[in-house]
Amino acid sequence: MANISGNETFNNSYIFSDYIQNSRPQGSEAQEKYILPLFLLVGTFSNVSTLVIFCRGKQTRISVSIYVSAYCIGNLTTLFFLYGMHLLTTVSAFPELSNLNSSVCSILAFIHKMVQYSSVWFVVGMTIDRYIAVCHPSSALTMCTVFMAKVAVGIILIGLVVTSVHAMWVYDINHKTGICDMFTPENNLQIVHLKIWNILSAAAYVYLPLIILLILNTLLTCGLCFQHSSSSTSTQDNGSTEYTNAVVAISMLYFALVLPVTLHNIVMISSGLQMTTDMYNTLVIFDHMQRINLVNVFFVCLLFSRSFRQELHNIYRLIREKRKQTVEMSRLSNKALITNETTTTTVNEEDTLI
């Protein structure tokens with residue numbers, strides 16, 4: 001979301017705008033009361049369903065499942081920790097937690113950065129995994145394993161901690177507005193310090209992963225086309241190639257939905273323009289576009305992965321069979337109960353006659 005107050009020069013240095021908002025046009029809160037609940041429900045269903053499918057059966061033996069599971073967990077954390085808590089403050093009288101005091105502001109700023117920008121790196125991880133599997137199949141047996149995927153996810157989390165921990169020293173309560181915001185630099189050294197951190201963090205959070213996604217998606221698409229047209233294609237026997245199309249779709253869609261808000265912020269930063277109402281409305285539209293990445297993983301996998309559809313069908317069939325068993329057991333239990341009651345009644349009648 002847009003951050004259009006106070007330290008505008010520094011806050012807009014992020015390509016994804018911070019969700020901590022300092023001002024909004026009138027009426028946007030009313031819209032969020034209806035948009036955000038639906039958004040949270042769809043996102044919860046999408047990510048939880050995908051997480052359940054990738055955490056059962058043969059899916060757990062595929063390297064892609066680790067990245068997709070981490071991606072879903074990152075999305076769920078973003079949905080509840082950022083959007084859910086924001087919805088709570090919108091519909092109730094509770095203040096933003098980040099505005100309580102300086103310590104809470106610093107800690108939440110650090111957590112916000114980690115949560116908000118984790119998903120893009122998990123997408124990068126799964127795209128690299130599929131690139132190796134398609135374009136370098138000889139290395140896939142050693143590189144595209146569950147263990148290596150877990151190691152990669154761990155490295156991503158450590159990198160996010162290292163990159164984001166600086167936010168604890170950069171964010172503080174603005175004593176004029178009472179809002180958690182980047183501190184106002186008081187001397188040239190602090191200005192240089194803040195600019196360097198903004199450039200490095202923006203590169204780590206957005207510039208670098210998006211450039212990697214652009215290159216890998218291009219190479220992976222060419223590799224898939226070549227593999228499809230080639231008559232002598234080496235294939236992996238572990239079934240993980242079933243999810244290659246789904247990963248490519250997730251990666252490309254992520255890039256396409258994030259690109260508009262990225263370009264918008266680059267223009268704002270480079271031109272130094274002041275935020276106007278029209279610019280803000282445009283930024284809100286772009287922000288809604290990038291939000292789709294938090295809720296679309298289930299539907300993308302459903303459309304592009306046959307194995308995912310088969311696993312979903314297996315779960316549905318399992319639930320249906322259990323339901324049938326429950327109904328059958330209930331019917332037999334009722335039948336036995338009726339038989340016992342009939343037997344008891346007959347015995348009582350015979351005792352009465354005697």
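Placed from the backbone N, Cα and C atoms, the Cβ positions cover glycine too.
Just so it is clear, the model here is predicted, and its values are computed rather than measured.
As given in TrEMBL:
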- 34-54: transmembrane segment (TRANSMEM)
- 46-304: domain 'G-protein coupled receptors family 1 profile' (DOMAIN)
- 66-87: transmembrane segment (TRANSMEM)
- 107-128: transmembrane segment (TRANSMEM)
- 140-162: transmembrane segment (TRANSMEM)
- 204-226: transmembrane segment (TRANSMEM)
- 247-269: transmembrane segment (TRANSMEM)
- 289-308: transmembrane segment (TRANSMEM)
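Residues 60, 65, 68-69, 72-73, 75-76, 79-80, 83-84, 86-87, 90, 291, 294-299, 301, 308, 311-312, 315 of the same chain sit 6 or more residues outside the transmembrane segment (34-54) yet have a Cβ under 8 Å from a Cβ within it. In this chain, the transmembrane segment (140-162) does not touch the transmembrane segment (289-308); fewer than three CB pairs sit within less than 8 A of each other, excluding pairs fewer than 6 residues apart. Below 8 angstroms of C-beta separation, residues 12-17, 64, 68, 71, 119-120, 123, 126-127, 129-130, 206, 210, 213-214, 216-217, 220-221, 224, 275, 279, 282-283, 286-287, 289-290, 292-293, 296-297, 300-301, 303-304 of the same chain, each at least six residues beyond the ends of the transmembrane segment (247-269), sit close to that stretch.
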